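Peer 1: Before I ask anything, here is the structure I am working with.
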Amino acid sequence: MFGLFSKKDGQRSTKKVAEEVKKFSVMLILDGFGIHPDSEGNAVLGANTPFLDTAWTYGRSTLINASGTYAGLAAEEPGNSEVGHLNLGAGHVVYQTLPRIDDAIATREFEDNAVIRESFDEVKKRGSNYHLVGVLSAAGVHGHIKHLFSLMELCKAYGIDPFIHIILDGRDTPPKDGFLYLSRLNSKIKELGIGRIASMQGRFYGMDRDSRWERIKLAYDAMVGLSQETFTDAVVALQSAYSNNETDQFFKPRTRVDSRGRPIGPVRTNDVLLYWNFREDRARQLSKAFVDRDFNHFVRRAYPENLYLVTMTGYEENIPAHVVFPPKKIKKSMARYIAENGYKQLHISETEKYMHVTYFFNGGIEQPNEGEDFFNIPSPKVENYAMVPEMSSPIIRDEVVKRIKADYDYKFILINFANPDMLGHTGDYSATVRANEIVDSLCADITKATLEKGGSIVITADHGNCETMINRVTKEVDIAHTNNPVPMIILSDIKDITPQAGTKLIKVGTGPKANVTGLLADVSPTCLGLVGLDIPDTMTGVDLRAII
């Protein structure tokens, strides 16, 4: 389908490109905007995108890898926003926590992990209960069911019978695959003779990251045994939800109760709680609700004092937790390098992707560098983004264009349009097509302002999603990320980029630009080259202008 790029010694040119140095460079990320030649369920090809079509045809353009080992993930694993922005910002492949955990399990290092062992010792010393919470999924985006199973096996070896608090996926997996994962979990419980499901909820609630604390409250209440919704049998509860069109991610938080209506395993004072999700952004809010003594986002009717929290990775510096796999810091990100050279920069997005253009792009660093402006536009407070496919992207466009025209003297501007990804996750094809058409016009406005002020722009994406909204095997709605390549378009020397009839993106699967030339790690080096800055030794990516 696509020509495959393979990084081998001597294949990639590292020569400097002799071109006019631009005043500043813009990296514009179309979140979840992948490329695939099939038109069925393809909201990229289904959209009328005259600007991107023209830019692809007349600019320097290619496809780049954004998934699997090229992004530091397991082979063939789809990319995601966290991983995408880490790689984009680092300028080298950032090996992710999922392969680290998988390797530790394969080599049996996991069994000897000091943090896990200490949590077992702690629960025995306290004489309290051990809880496991996380996403029940094999998607590998936020967590993985095999990690839960490994933890259960360790619990068995240490004589611990844990309570399990399930978070259903249905977003990075098909909407009703939760039933399959629940069946696998029940089989594992039967096999080991330990483990009891204590609560169940959809990720829409407990994995919110947009400060919708009313959702977190419902998740929290279910885990501490105070939910208004209850169940006695998880399978029956899920089947009933499906019959009422309540799919996995929207499964209302429920507490499991016994025959007398009493919660079987609520989180209580002195308990130990291990959160097996390895991705930070959607695990923070629920964690804070349990361990932040000054928490004020909602009234906690039951607060488990002295909770011993264990997290698979470090979710946030201010969350008091025992971390199983501490994050590996990136030595010199794109943002830090720009700052060290004495230049100003802007990172802007709406709330849904704000952590990605700041924390993740900057290599896990929360605070801005000297001269670095973070700008967060609130995302619309709606139940479903299909209601507002434009989201907050026009406001982002307005702010960026204003700052470019006002000569804020930025050397680098990072922009994320969340629409393709967030609308792709709704499963609403028409709304996603509309979102891509809106984003196309906004890209045109930002590019025009950039070129008029002597800048250059690189338009790319962090991973695929909205180009595959129909499962090509089952023909069901597909809202998950993909492992398809993403576009990279460099616009620098073109004076007039007025949208016109051009080669539609639909032809990239067979056209002259079909080969996958690079990877996400090449985007920052290219942006540096455009403004005449040397590529630091810490970046293994290259300036793709030397290749395409």
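Placement of Cβ uses the backbone N, Cα and C atoms for every residue, glycine included.
Annotation comment: TrEMBL describes SER81 as active site, phosphoserine intermediate. Per TrEMBL, Mn(2+) 2 binding site is recorded for ASP31, SER81, ASP462, HIS463. Among the features that TrEMBL reports, substrate binding site is placed at HIS142, ARG171, ASP172, ARG203, ARG209, ARG279, GLU280, ASP281, ARG282, LYS353. Marked as Mn(2+) 1 binding site by TrEMBL: ASP421, HIS425, HIS481. Annotation source TrEMBL lists domain 'Metalloenzyme' at 26-534. The feature domain 'BPG-independent PGAM N-terminal' is assigned by TrEMBL to 101-317.
Each of these features: where is it, how hidden is it, and who are its neighbours?
Peer 2: Of all Cβ atoms in the protein chains displayed, 27 besides its own lie within 10 Å of the Cβ of SER81 (active site, phosphoserine intermediate).
Classification of SER81 (active site, phosphoserine intermediate) by DSSP places it within a helix.
Packing around GLU280 (substrate binding site) is summarised by its Cβ count: 24 other Cβ atoms lie within 10 angstroms of its Cβ, all protein chains included. In the three-state DSSP assignment, the secondary structure recorded for GLU280 (substrate binding site) is coil.
Around HIS481 (Mn(2+) 1 binding site), the same-chain residues six or more apart in sequence whose CB sits under 8 Å from its CB are GLY32, PRO78, GLY79, ASN80, VAL141, ASP172, HIS463, GLY464, ASN465, listed in sequence order.
Confidence annotation: the domain 'Metalloenzyme' (26-534) carries a mean pLDDT of 95 in the model.
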Peer 1: Give me the non-local Cβ neighbours of ASP462 (Mn(2+) 2 binding site): same chain, 6+ apart in sequence, Cβ-Cβ under 8 Å, ordered along the sequence.
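Peer 2: Correct list: ILE29, ASP31, GLY32, ALA66, GLY79, ASN80, SER81, VAL83, GLY84, HIS85, LEU88, HIS356, VAL486, LEU520.
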Peer 1: Rounded to a whole angstrom, what is the C-alpha distance between HIS142 (substrate binding site) and HIS425 (Mn(2+) 1 binding site)?
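Peer 2: About 15 Å separates the two Cα atoms.
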Peer 1: Fill in the CA-CA distance, ASP421 (Mn(2+) 1 binding site) to GLU280 (substrate binding site), as an integer in Å.
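Peer 2: ASP421 (Mn(2+) 1 binding site) and GLU280 (substrate binding site) have their Cα atoms 19 Å apart.
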Peer 1: Just jot down the residues in the same chain as ARG209 (substrate binding site), at least 6 apart in sequence, with C-beta under 8 A of its C-beta; none if empty.
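Peer 2: Listed in sequence order, they are ASP281, ARG282, ARG284, GLN285, GLU352, MET355.
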Peer 1: Given a 10 Å Cβ-Cβ cut-off, pick out the one of the binding-site residues HIS142, ARG282, HIS425, HIS463 that has the most other Cβ atoms nearby.
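Peer 2: Top count of Cβ atoms within 10 Å goes to HIS463.
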Peer 1: Pick out which of the binding-site residues ASP31, ASP172, ASP421 has the most other Cβ atoms within 10 Å of its own Cβ.
Peer 2: ASP421
Peer 1: Taking the mean position of the Cβ atoms of ASP421, HIS425, HIS481 as the Mn(2+) 1 site, which residues outside that list, in the same chain, have a Cβ no more than 8 Å away, listed in sequence order?
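Peer 2: Neighbours found: ASP31, GLY32, ASN80, SER81, ARG171, ASP172, PRO420, MET422, GLY424, HIS463, ASN465, CYS466, ILE479, ALA480.
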